[in-house]
Amino acid sequence: MKFSGLTNHIYKDRDYLTRNRAFHLFIFNVVSLLLGLSVNFYVWFVKGDLLRPGFLIIMLASAVSLFFLLRKKFELALRIILIASVIAVSVGWFFGLSQGNSPLDEGNKNIVLAIFIMIFLYFANVKRTLLIAVYCFVLIFMEELLMQQIHESIHMADRIALFFMFSVISIIAVRTLHGSIEEKNELIQEIHHRVRNNLQVLSGLVEMHSDSDQGNLRNILSDFQNRILAISEVHNYLYKSENYFDIDFSEVIERIIANLIHKFGKQSVKIENLTEQIFLRIEYAIPCAMIFSELLSNSLKHAFSSDMGKIVIRFHKEGNKYRLQIEDNGSGISDSKTWLKPKTSGFKLIQLLTRQIKGDFQILSDSGSIAVLEFYT
């Protein structure tokens, strides 16, 4: 079994990010354990020198962390390794000895601090990493004070400035990555929310059509298809757009018009589209698209005794008030209040969707019919 398969199996009920970090912590612990054993074996048995305390602390901590990690205690295993790394760096900084009992050279210390920062950047949050960066500045400053007789002041300034630049760039880079991960998680949650809502809408449509005793099966299925296509056009726009939350509703209207004109074969009907470019949140765009599809379908199917006619579509915004209007010069509706107690599935759906967005819908009859939807966001 691969190592990634091992950690994925242990943390199979955790989210992807935790499983991924658990695998990387596993690799870090194994490498640190083997490296600590190798270094201390070489120093103690081959060179006959003192043990390296920093490596020894990390080696022991990695073994303990590995033990808890494989027992599905990721948070505890991570906490152990982070605390141990602080202790190891602190002890190694002042008491680490290399060959000949000479202090650890400055280059290695700078590398240690860089690794130290990267460990916290990946396994901890930015706030803790900032605290660790401040602690590293303190270590550098203390060492430079102790070595001020050897080092010039410009040396300390250069060293602190370079480490500061490294820390800032690293934190910015990781913060950007964290931001991308957070955005992806929000998008995934939004997708689940949208799928659930759309399934509820489809379920309601199926129930509505199953209760309908009007028309034949072909007409019922045709109406059902139109309503699904209205939802599809909203998601089709989202798929092509870089904005996953706001919909240019004028484009959705254009697509629905094209679909219904083609489906009903009403190319001779003149449609004047006066919609403005207005962006809607998806929770408003889907209900509005379905309402518009219902109203346009109704006009195309029932408003005109012949294939000739005119439909004017308007959609505009005043402040936070939106107004969608579909006007035709057809036969009109004998009772403009019929939608208040709807008998057809189309008007029932319009009534439900209008309530969903807390809007106001009315039908006026004046040399045809005028349907008006108003709502606020």
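A Cβ is built for glycine as well, from the same backbone N, Cα and C atoms used for every other residue.
Quick look at what TrEMBL annotates:
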- 289-337: domain 'Histidine kinase/HSP90-like ATPase' (DOMAIN)
- 21-44: transmembrane segment (TRANSMEM)
- 50-69: transmembrane segment (TRANSMEM)
- 76-95: transmembrane segment (TRANSMEM)
- 160-177: transmembrane segment (TRANSMEM)
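Over the domain 'Histidine kinase/HSP90-like ATPase' (289-337) the predicted model carries a mean pLDDT of 84. Ranked by Cβ pairs under 8 Å to the transmembrane segment (21-44), the stretches 50-69, 76-95, 160-177 are led by 50-69. Residue counts of the domain 'Histidine kinase/HSP90-like ATPase' (289-337) by helix, strand and coil are 15 helix, 17 strand, 17 coil (DSSP-based). Cβ atoms under 8 Å from those of the transmembrane segment (50-69) belong to residues 7, 22, 25-26, 28-30, 32-33, 35-37, 39-40, 43-44, 76-78, 80-81, 83-85, 87-89, 91-93, 95-97, 101, 112 of the same chain, restricted to positions at least 6 beyond its ends.
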